[in-house]
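Below you'll find the structure, written out as structure tokens, and then a few comments.
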Amino acid sequence: MFSLLTAAIAPAMALLCFFYLKNEYGSQTLGFVVRTFLIGALLMFPVMVLQHAFLAEGFFANPLLKAFILYGFFEEFFKWFMLYFFAYKHVEFNRRYDGIIFGVSLSLGFASMENGLYLIANGVETALGRALLPVSSHAIYGVIMGYYLGRAKMEEKHRKKWLVLSLFLPVLLHSLYDAILLLWSKHFLFVMVPFMLVLWWVAIQKVKLANQLDR
């Protein structure tokens, strides 16, 4: 059980530390970061129940509908909703990079709980693949969501545009990720590897830009 718990949480902790330490202009209190992580972990349960309910009723049988609505939209919308109401309006959210920290923290909380349940069902031997793909992809969605929420918080003139992008882009990227898995199930790595490399490049650029704008 200890090894399974470690395998479920360790990738998220490593990624969270990576992005936390990338903050060049101050750091957030760990207490609030942990709080957003736990909110993300708890959020996974109602989202999972909702997804299973729709699947049980025969909705979203089409792979593209499943990828874009059931997985991409549902998961990213609820993460965005919780991030907006629990972190965006908080006094500690006072830099653009804070959005990245909180977005990554909440997303990795969600991914850790999802990862733990998957490992319980499928065995700890699947942990490496889970760390490299689903967990890291959730971190990247959190970076992008948080980056644009940070822009919205600090740049009132274009707030609506940044808020829309903070939801739309993570939904789009998450949906494309799941579409690759569903449509290219046997040979998905040929598409997924370049896709993930592009996602990581985008995430690192957002990290650099957020730090530059916070100067």
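Each Cβ is built from the backbone N, Cα and C atoms, and glycine gets one as well.
Note that the structure is a prediction, hence the values are computed from the model and not measured.
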Which listed span Swiss-Prot calls transmembrane segment, if the choices are 64-85, 130-151: 130-151
Same topological domain name for GLU24 and GLU155 in Swiss-Prot, and hence the same side of the membrane? no
Taking 1-23, 100-121, 130-151 as candidates, which has the most Cβ pairs under 8 Å with the transmembrane segment (31-53)? 100-121
Spatial neighbours of the topological domain 'Extracellular' (152-179) far in sequence, C-beta under 8 Å, 6+ residues away: 63-64, 66-68, 71-73, 75-77, 79-80, 88, 93-96, 98-99, 137, 140-142, 144-146, 192, 195, 199, 213
